[in-house]
Amino acid sequence: MNFLQQLNMSRIFKMFFSLHPPYCKAKPRNQEHAMAPATAKLVSLGFLLLAAASSTPLAAATTLTLHNLCPYPVWPLVTPNTGFPSISDNTGRLDGGGRGLVSFRFPPSFWAGRVVARTGCRSGGSACETGASPPATVVQLVVHAEGQDLAAYSVSLVDGFNVPAVVSPQAVGGGQCPALGCAAELNAECPRAQRVVGARGEVVACRGPAGYFKERCPLTRTTPADVEPVPQRCFGPGELKVVFCQSAMVNAAAGVAGEATGHIRTVVADN
């Protein structure tokens, strides 16, 4: 990846996710999002700039797949950034132990948003113990960008941690497509002052600090200026797969054996 490619990739993340912070609580369907005039102008300007830079003809179909390997259920929250359509009604539950699996179809044009795993929820994903507000692990996704069917993705711990999450492109069209995220369970050793304790007395989320997160999960973003230490420029993935409670970050050498046990492979396909 040359300098200009790195610069373009950085612009996508910095411009877009600076206008749309990693964590955004879901709003009721019939409730309009209120913004101060200056904020509204900034978001509109950012959206127009990205639309101009990223306008894409209808691209190959890309699917978002969520798989729950945690020993407990999660209620995924898939939130589009401002100006993009919803792809989930966010009421579904993914049972634990690998039984919970769901897929959504991305729109065929430029789209950006976030995925959070909520835990300890009532029916329909209401009154959740974690994930409805920070601290929470946030998966950031962009598809069909730059007019080249480019995908960009990351796992952000800027607003804290609740559930391990790893994102990996599958069936890629080319480029550099590493698996990114955090496979470690960070709640158990979370510094005492940063712990969020659930109704049953266990630690259910961790507020930080950033150094604690980065040391254990280097393939995440732990501050607004942070980036992963691996190159990423991924073209035309047929699927973006997010796994909650992945047992380990594994590389391509794991091959079929890794996939058979539910592990995500790190895909690096240089064309």
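Each Cβ is built from the backbone N, Cα and C atoms, and glycine gets one as well.
Over all protein chains present, the Cβ of CYS128 (disulfide bond) has 20 other Cβ atoms lying within 10 Å. According to TrEMBL, the disulfide bond annotation covers CYS121-CYS128 (among others).
Over all protein chains present, the Cβ of CYS190 (disulfide bond) has 22 other Cβ atoms lying within 10 Å. The disulfide bond annotation in TrEMBL covers CYS190-CYS206 (among others).
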Long-range same-chain neighbours of CYS206 (disulfide bond), Cβ under 8 Å, sequence gap at least 6?
PRO135, GLY160, PHE161, ASN162, LEU186, ASN187, CYS190, PRO191, GLN194, ARG195, VAL196, TYR212
